[in-house]
Amino acid sequence: MLLFAMGFLLLILQPSTGQFPRVCANTQSLLSKECCPPWDGDGSPCGELSSRGSCQNILLSQAPLGPQFPFSGVDDREDWPSVFYNRTCRCEGNFMGFNCGECKFGFSGVNCTERQLRTRRNIFQLTINEKNKFLAYLNLAKNIPSQDYVIATGTYTQMNNGSNPMFRDINVYDLFVWMHYYASRDTLLGGSSVWRDIDFAHEAPGFLPWHRAFLLMWERQIQKITGDENFTIPYWDWRDAEDCGVCTDEYMGGRHPTNPNLLSLASIFSSWQVICTRSEEYNSQQALCNATSEGPIRRNPGNHDKSRTPRLPSSADVEFCLSLTQYESGPMDKMANYSFRNTLEGFADPQTAISNPSQSGLHNALHIYMNGSMSQVQGSANDPIFVLHHAFVDSIFEQWLRRHRPMLEVYPAANAPIGHNRENYMVPFIPLYRNGEFFKSSRELGYDYEYLQEPALQSFQDFLTPYLQQARQIWAWLLGAAVVGGIITAVLTGLIKACRKKKRGTSSEIQPLLIEGEDYNNITYQSNF
């Protein structure tokens, strides 16, 4: 019965967001460098006949990059995705997708005109049925092949510049594990040489927008394979936690009774196999992760290096981080001081905001604390706790956006590490998204967090608060002005009445021209003002 249900779901899958679209993973597309698939609705490339989009040349940012990556032309991810494609679908209006067959985040309906706002909730606030459904959805994603996307198993050079495509199928969950690996992997320089100081998703301004887009794509994929359009990722609020509250068989898997590095056999996640965890092996072979199974999920929370991460983050740590007014600063990498991004990511001290890469705070602290698959950057998404953790990190990002209301220009336009400038396309997403597109409130992207929700009236009050505070500071002057205004009003009213009495004695021929009931009312209204 389960196999039948899975087969049925495969038939109803729609185009999704991911890495290499299956329809473009072929010799013709690679040699022509064009990925403009037809939309099923009208059969035209990018749905052009229906005004959904058109096939266009990719416009790459020309802004200068930081000094962290001193090479050019050695990595397929440079100027993404131009090594593989230089023409893709550019969608119009609220349409989105590699063939413009979807709606932008936050929209739905046949013509993508209906606004949507879904709510992400605390995993501990879910009902038993809701929690069990979430776990079942995760397991389903791990067992259903992606219908629309494949992964690259070789570099463009290893593909003979496109004449020998190297791609393979992958399940829906592992597709996202592979994308996280691909964005953070080392640069292969040939022979046994690699360049490690490169990451298109971490250690720079794009860290928060990249993971925001990543979670939205993951969330939408789950909605599609399950048919549950209202599904949202739950979050784990780890502030002031004394231990891993989600590390139980009821939630994300408890500890194995005889091997503390593995998960309890009572958890569905104990049978999961990880991928993309052997970075040194790939580097020595100058190869990409090909998504071969590499063993079970490993996790031993709390038995980590205490000198690096002495405790889990506190509410005070988060509040201090939120008080920082600069999104980015200095070199815009893990050495940045007083940077909200670098402090939240965990490379700066959460009590001083001074960079200290030898310690792991906030976001990084959770990864180190888990002491297993989640503690190695490239393969960290193998552990399903990853999505709960990053959903909460995203909620802190959202709090900062709401508190400081930054303009888009606050996000660096130039001189950030490679791939992290505002107009750079995020690696390795197709369709294409720029970093700056996700530097905005989550509500504009169609979702909110339960603990951050506020009524419309509160939003209006927030808007008025600074003005009311200023008014309180000058209330005495306002009161005095009101008294003076009242006196002036009384004097003017008296003068007008006196003039009226005086003019009653004038010629009846000119009296109607000087005073009408309507004009008098207007004069009174203006004098009161």
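The backbone N, Cα and C atoms fix where each Cβ goes, and this holds for glycine too.
Residues annotated as signal peptide in TrEMBL: 1-18.
Here the domain 'Tyrosinase copper-binding' (202-219) has a mean pLDDT of 98 out of 100. The domain 'Tyrosinase copper-binding' feature in TrEMBL is assigned to 202-219 (among others).
Under 8 Å from some Cβ of the region 'Disordered' (292-313) lie the Cβ atoms of residues 238-244, 247, 253, 255, 260-263, 269-278, 350, 358-362, 364-366, 368-375, 382-383, 385, all in the same chain and six or more residues away from its ends. The region 'Disordered' feature in TrEMBL is assigned to 292-313.
Annotation comment: TrEMBL describes 383-394 (among others) as domain 'Tyrosinase copper-binding'. Residues 120, 123, 138, 208, 211-212, 214-215, 218, 233-238, 246-247, 252, 269, 272, 297, 299, 344, 362-363, 366-367, 370, 372-374, 442 of the same chain, all 6+ positions outside the domain 'Tyrosinase copper-binding' (383-394), place their C-beta atoms under 8 angstroms from a C-beta of that stretch.
Among the features that TrEMBL reports, transmembrane segment is placed at 474-496.
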